[in-house]
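Peer 1: Questions regarding the structure given below will be posed in turn.
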Amino acid sequence: MKTALFLVFALAFIAVEGKMSRACSKPGQTVLAPDGCNHCRCSEKGILMACTKMMCPPRTIEKSCKPGTTFKHKDGCNTCKCSDDGKNALCTSKLCL
C-alpha cells in the first residue's frame with residue numbers, strides 16, 4: 001500500500017514538473033506565466049520556479065454567452081461569468097498547474 005501511494009505521488013509530481021518545464025527553454029530565462037499576465041523565472045534545471053503575483057486584468061471571451069451564466073475557461077481551471085448583455089465575460093486569473 002505504501003509503495004502504491006508513493007508511486008501515485010511520484011507520478012503526480014512528474015506530471016506537474018513536466019507540464020511546468022515546457023515553459024522554460026533555458027535556465028534563468030524569464031517567461032510569461034500560464035495566466036498570460038504575470039512573469040516567471042526558470043530554475044537552473046529549466047523548470048518554472050518563481051512567478052510574480054500581480055492582479056491581472058479580467059480575461060474576456062471572443063464569442064457570445066448566455067447572460068449571467070458561469071462556465072469554465074478554456075484553460076480548464078479558471079471560471080468565467082457572462083455579462084448581462086451576453087457579449088463579454090469576466091474570468092478568474094488563477095495560476096493553472
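Any Cβ shown, glycine's included, is placed from N, Cα and C.
Keep in mind the model is a prediction, meaning the values are calculated, not measured.
Swiss-Prot feature annotations, pasted as is:
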DISULFID  C24-C42  disulfide bond
DISULFID  C37-C56  disulfide bond
DISULFID  C40-C51  disulfide bond
DISULFID  C65-C82  disulfide bond
DISULFID  C77-C96  disulfide bond
DISULFID  C80-C91  disulfide bond
DOMAIN    22-59  domain 'Pacifastin 1'
DOMAIN    62-97  domain 'Pacifastin 2'
SIGNAL    1-20  signal peptide
Peer 1: For the domain 'Pacifastin 1' (22-59), would you mind checking the mean pLDDT of the predicted model?
Peer 2: 82
Peer 1: Quickly jot the same-chain residues contacting the domain 'Pacifastin 1' (22-59) by Cβ under 8 Å, restricted to those at least six beyond its ends, or write none.
Peer 2: 73, 75, 78, 80, 89-91, 93-97
Peer 1: Express the distance between the Cα positions of C24 (disulfide bond) and C40 (disulfide bond) as a whole number of Å.
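Peer 2: Between the Cα atoms of C24 (disulfide bond) and C40 (disulfide bond), the distance comes to 9 Å.
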Peer 1: Could you check the disulfide-bonded residues C24, C37, C42, C91 and say which one's CB has the fewest neighbouring CB atoms inside 10 Å?
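Peer 2: Minimum Cβ neighbour count within 10 Å, taken over the disulfide-bonded residues C24, C37, C42, C91, occurs at C37.
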Peer 1: Comparing the disulfide-bonded residues C40, C56, C96, which residue's C-beta has the most other C-beta atoms within 10 angstroms in this structure?
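Peer 2: Buried the deepest by this measure is C40.
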Peer 1: Hey, does DSSP put C40 (disulfide bond) in a helix, a strand, or just coil?
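Peer 2: Assignment for C40 (disulfide bond) reads strand.
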